[in-house]
Amino acid sequence: MSSIESVMNETRVFEPAESFKAQANVKGMDGYRALCEQAEKDYEGFWAGLARELLVWKKPFTKVLDESNAPFYKWFDDGEMNVSYNCLDKHLATQPNKIAIIFEADDGKVTKITYKDLYHRVCTFANGLKALGAKKGDRVIIYLPMSIEAVVAMQACARIGAIHSVVFGGFSAKSLHERITDASASLIITADGQFRGGKAMQLKPAVDDALAMGGCECVKKVVVYQRTAGETAWDAQRDVWWHDAVQGQADTCEPEWVNAEHPLFVLYTSGSTGKPKGVQHSSAGFLLHAINTMRWTFDYKDSDIFWCTADVGWITGHTYVTYGPLGIGATQLMFEGVPTYPDAGRFWKMIQDHKITTFYTAPTAIRSLIKLGADLPKQYDLSSLRLLGTVGEPINPEAWMWYYNTVGQTRCPVVDTWWQTETGGHMITPLPGVHGLKPGSCTMALPGIMAAIVDEAGHDVEKGKGGFLVIKRPWPSMIRTIYGDPERYKKNYFPEDLGGKYYLAGDGANCDLDGYFWIMGRIDDVLNVSGHRLGTMEIESALVANPLVAEAAVVGKPHDIKGEAVVAYVVLKGARPEGEDAKKIVADLRNWVAKEIGPIAKPDEIRFGDNLPKTRSGKIMRRLLRALAKGEEITQDVSTLENPAILEQLKEVVK
Ligand code: WTA
């Protein structure tokens with residue numbers, strides 16, 4: 001709650017300029033209200049209208065929403081379409097020569113590809129995948145760096161009806177293995193390596209290691225895109241170079257017409273247990289929302305040059321790199337490298353060079369760029385920008401104001417978009433020609449999204465009071481299930497305590513007297529580190545898997561740039577280490593977690609104790625650990641604590 005108080009200190013409201021409003025796709029509060037009313041009056045008719053307007057159907061749907069097996073909802077279920085057709089073929093008649101992707105490599109080299117070329121690349125690769133035995137319904141793991149090939153691979157899967165599961169390149173072999181086996185993937189698409197910050201890094205060894213861990217008999221082939229051209233270990237039976245896989249393949253490929261509900265992809269994300277959840281999305285409903293939010297939230301115009309900085313390994317990259325921009329026919333920028341190479345002006349230079357109009361990034365990136373050079377944007381011509389966006393975590397008002405003033409030069413509305421891997425696309429967000437902006441608030445729900453705040457029993461809370469953020473009605477781009485675990489889907493997202501009907505987002509939130517939403521952060525054991533979701537249990541399981549560790553508890557603490565930092569309390573099997581010993585074990589454990597999960601999950605701090613603070617019934621007192629992590633005085637009642645003496649030990653951070 002304290003963080004939200006600081007956010008509320010900025011009380012100014014930034015209204016959209018008349019000139020922006022006049023040209024906006026949704027004009028003013030009247031335009032917004034009219035859409036909301038339409039959705040309230042005829043919910044199915046509202047979504048059906050959008051689905052007919054924005055998607056091309058091979059076979060039109062006659063049913064809209066099927067709630068007969070709630071919460072396993074179906075949308076447009078008797079319709080048939082293909083996502084890749086809707087992203088590529090659809091544009092061939094009207095804009096074949098428009099640039100679809102401008103790719104800027106780590107070293108600054110720029111490659112541009114038109115819609116027509118991208119279409120042929122996707123078709124050729126889709127034919128290559130088919131020749132390797134991939135078919136409709138197969139799961140395909142994609143473990144690729146930011147590249148045109150990553151988009152081609154995802155679109156090619158969609159074209160043949162294969163279900164892709166993209167794994168972020170920063171995840172370790174172990175995490176990759178977990179996802180390969182959970183999805184029982186038959187094919188993996190990867191690269192030999194990637195360039196970041198002027199350095200070549202290998203990628204394929206992680207795939208080799210994952211497959212060597214056993215239980216991966218499902219995997220028949222590994223397709224390898226050659227990016228760094230270093231030495232690569234090779235399994236001649238299993239591995240195929242991308243350039244060989246497409247050799248001699250036709251450059252057209254009839255799309256696989258699939259049912260609207262056919263799974264488009266599974267994307268793993270952290271939850272409150274140790275095992276990541278495979279969030280499964282549909283084809284039509286997902287794409288519909290991706291396209292429509294490009295139009296509403298990003299106020300898309302044909303002349304725009306769109307840049308979403310997210311990696312395709314995250315949901316933001318799925319919706320706002322691979323599917324939304326192509327679905328609407330935009331020109332977009334993709335970037336291989338990091339914002340700090342060759343210097344912290346890289347993003348601003350790229351906005352200038354490519355005349356970016358719409359820029360979408362994460363608060364953590366904004367905060368680190370402020371720190372590295374708050375005045376740097378002034379050295380570049382950013383006059384092409386007309387709209388800014390953020391996603392992934394709450395944005396503090398200081399960062400918001402800097403973004404608005406220094407990057408957007410007070411000309412560009414900032415859309416603070418709240419959504420999740422599970423929601424498929426934006427849910428609560430300002431529309432740039434509608435809402436007055438309050439820094440730190442994601443403002444109001446999109447028309448057709450029935451967001452509300454309820455108490456433990458599922459009753460609406462009064463405005464101004466905090467509670468659980470829920471969505472009261474199913475929407476087209478929602479998660480369909482957790483892959484292979486429908487029970488967990490039901491329990492996790494539609495808990496009986498709330499009546500079993502509301503989608504529980506897992507965030508605490510507040511709605512102020514003007515009806516503006518303020519997100520207060522997760523209510524479960526999920527951390528948000530640099531906009532990445534990490535389960536505390538996942539990190540704990542990784543730690544206790546180390547032979548030295550007896551027990552571990554992980555909590556978050558506020559961090560200036562990352563939003564949250566990871567603090568781990570560890571009990572070793574041997575004695576509590578001190579001095580140099582402790583330092584060495586800390587370094588080892590950090591590397592261990594990087595190997596088990598990925599570098600993003602490395603604890604920022606490790607503290608050792610002879611034990612963890614537990615109640616007499618043996619429950620770890622996490623609230624206490626959170627207070628200790630923040631360095632707060634312990635004012636809470638510790639009388640139930642079995643071993644109060646260890647609190648002193650746990651205050652000590654190993655530096
Ligand atoms: C948080 C990312 C405040 C939230 C698209 C949510 C936000 C989680 C915002 C989902 C925002 C995302 N303001 N918090 N604008 N956007 N979050 O699945 O806690 O990686 O539940 O999806 O990020 O993270 P995920």
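Even glycines carry a Cβ here, placed using N, Cα and C.
So that you can see what the record holds, here are the features copied from TrEMBL:
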{"type": "BINDING", "residues": "Arg196, Gly197, Gly198, Lys199, Thr316, Ser530", "note": "CoA binding site"}
{"type": "BINDING", "residues": "Gly392, Glu393, Pro394, Asp416, Thr417, Trp418, Trp419, Gln420, Thr421, Asp507, Arg522, Arg533", "note": "ATP binding site"}
{"type": "BINDING", "residues": "Val544, Val549", "note": "Mg(2+) binding site"}
{"type": "DOMAIN", "residues": "32-87", "note": "domain 'Acetyl-coenzyme A synthetase N-terminal'"}
{"type": "DOMAIN", "residues": "89-475", "note": "domain 'AMP-dependent synthetase/ligase'"}
{"type": "DOMAIN", "residues": "538-619", "note": "domain 'AMP-binding enzyme C-terminal'"}
{"type": "MOD_RES", "residues": "Lys619", "note": "N6-acetyllysine"}
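Shown here: features listed in TrEMBL, placed on the structure.
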residue	record	DSSP (3 states)
Gly197	CoA binding site	coil
Pro394	ATP binding site	coil
Thr417	ATP binding site	strand
Arg522	ATP binding site	strand
Ser530	CoA binding site	coil
Val544	Mg(2+) binding site	helix
Val549	Mg(2+) binding site	strand
Lys619	N6-acetyllysine	coil
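In this structure the alpha carbons, written CA, of Gly197 (CoA binding site) and Gly392 (ATP binding site) are 23 Å apart. Site extent for CoA: among the recorded binding residues Arg196, Gly197, Gly198, Lys199, Thr316, Ser530, the largest C-alpha separation is 25 Å. Residues belonging to the domain 'AMP-binding enzyme C-terminal' (538-619) score a mean pLDDT of 94 in the model. Using Cα positions, the member of the recorded positions Arg196, Val544, Val549, Lys619 nearest to Arg522 (ATP binding site) is identified as Lys619. Listed recorded positions: Thr421, Val544, Val549, Lys619. Those with a CB atom under 6 Å from ligand 1: Thr421. The recorded positions recorded for this entry are Gly392, Pro394, Thr417, Lys619, and the Cα of Gly392 lies nearest to that of Lys199 (CoA binding site). Per the record's binding annotation for ATP, residues Gly392, Glu393, Pro394, Asp416, Thr417, Trp418, Trp419, Gln420, Thr421, Asp507, Arg522, Arg533 show a top Cα-Cα distance of 18 Å. Relative to Ser530 (CoA binding site), the binding-site residues with Cα atoms inside 10 Å are Gly392, the candidates having been Gly392, Val544, Val549. The most densely surrounded of the binding-site residues Thr316, Ser530, judged by C-beta neighbours within 10 angstroms, is Thr316.
Thr316 (CoA binding site) sits 8 Å from Thr421 (ATP binding site), taking the C-alpha atoms as the reference points. Sorted by the number of other CB atoms within 10 A, the binding-site residues Val544, Val549 start with Val544, the lowest.
Separating the Cα atoms of Thr421 (ATP binding site) and Arg196 (CoA binding site) is a whole-number distance of 25 Å. Residues in the domain 'Acetyl-coenzyme A synthetase N-terminal' (32-87) partition by DSSP class (helix H, G, I; strand E, B; coil) as 27 helix, 7 strand, 22 coil.
Straight-line distance linking the Cα atoms of Trp419 (ATP binding site) and Val544 (Mg(2+) binding site), rounded to a whole number, equals 32 Å.
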